[in-house]
Amino acid sequence: MELIRVLANLLILQLSYAQKSSELIIGGDECNIDEHRFLVALYKSGRFRCGGTLINQEWVLTAAHCDRRNMEIKLGMHSKNVPNEDEQRRVPKEKFFCDSNKNYTQWNKDIMLIRLNSPVNNSTHIAPLSLPSSPPIVGSVCRIMGWGTITSPNETYPDVPHCANINLFNYTVCHGAHAGLPATSRTLCAGVLEGGKDTCKGDSGGPLICNGQFQGIVSWGGHPCAQPREPGVYTKVFDHLDWIQNIIAGSTTATCPL
């Protein structure tokens, strides 16, 4: 994860919390190559930065704090070093944020919608993941995945994405666990209370899939990762459906939920 960059009056928190833009799955195993056709990798200057989710042939959803200039998006990737035959690469044509000022201290607005410079074609390793049709249910088992570090605080980055199952809690659990930062009703709280499984640095922007539905975007959490009673915080996709769908439809006045 990258250390949280906050305003001066929040600098004291930097040693305790971190964005997960460069995290990996802790406590997981290599994902099945067929289970993450929607998972994309965001690169900057040849360096892996974040994950993201393809939601149709032309749009990717990720975390706002993953934004970088001159970003490249790789689709259909499993191994970083051994390309799939159907891998495709794109760059952003447009980027959209809930907060036009890109104020990343507003953690409940950590969402970015990217329009690709050209549509992608479905293939063996590429296919979009649908937006959720119903809200998430506390108690659900959720799937996390990404190329983030698999160890913390020392970082070990894998060549292939790792996956793990975690549990969805009421957001108040994260509000209590991370009292210095606002886990709100616009966020989701997920992890394993005894620790040992978590998203981590490099996993930011990737999906949280609960009961088969795309419900969350990896946002931030404690450091080190996967500590007992410190679940991770995810942007709640369901609450942003109107904004997402209006942007895709071409609206210039779409607004995010308060």
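Just so it is clear, glycine is given a Cβ too, placed from its N, Cα and C backbone atoms.
Feature list (source: Swiss-Prot):
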ACT_SITE  His65  active site, charge relay system
ACT_SITE  Asp110  active site, charge relay system
ACT_SITE  Ser204  active site, charge relay system
DISULFID  Cys31-Cys163  disulfide bond
DISULFID  Cys50-Cys66  disulfide bond
DISULFID  Cys98-Cys256  disulfide bond
DISULFID  Cys142-Cys210  disulfide bond
DISULFID  Cys174-Cys189  disulfide bond
DISULFID  Cys200-Cys225  disulfide bond
DOMAIN    25-249  domain 'Peptidase S1'
CARBOHYD  Asn103  N-linked glycosylation site
CARBOHYD  Asn121  N-linked glycosylation site
CARBOHYD  Asn122  N-linked glycosylation site
CARBOHYD  Asn154  N-linked glycosylation site
CARBOHYD  Asn170  N-linked glycosylation site
SIGNAL    1-18  signal peptide
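In this model, the domain 'Peptidase S1' (25-249) carries an average pLDDT of 94. Cys50 (disulfide bond) is 5 Å away from Ser204 (active site, charge relay system) when you measure Cα to Cα. Comparing Cys31 (disulfide bond) with Asn121 (N-linked glycosylation site), their Cα atoms are 22 Å apart once rounded. Within 10 Å of Cys98 (disulfide bond), counting CA to CA, the recorded positions Cys66, Asp110, Asn122, Asn154, Cys210 contribute Asp110. Of all the glycosylation sites given, namely Asn121, Asn154, the one with the smallest number of surrounding CB atoms inside 10 A is Asn154.
For Cys225 (disulfide bond), the count of additional Cβ atoms within 10 Å of its Cβ stands at 32 [all protein chains shown].
When Cα-Cα distances from Cys50 (disulfide bond) are compared across the recorded positions Asn121, Asn154, Cys163, Cys189, Cys256, the shortest belongs to Cys163.
On its own chain, Cys142 (disulfide bond) has Asn165, Ile166, Asn167, Leu168, Ala190, Leu208, Ile209, Cys210, Asn211, Gln215, Gly216 as residues at least 6 apart in sequence with a Cβ closer than 8 Å to its own Cβ. Distance noted between the C-alpha atoms of His65 (active site, charge relay system) and Asn121 (N-linked glycosylation site) is 27 Å. For Cys163 (disulfide bond), the same-chain residues lying six or more positions away in sequence with a CB closer than 8 A to its CB are Ile25, Gly28, Asp29, Glu30, Cys31, Asn32, Glu35, His36, Arg143, Ile144, Met145.
Across the structure, Cys200 (disulfide bond) and Cys66 (disulfide bond) place their CA atoms 14 angstrom apart.
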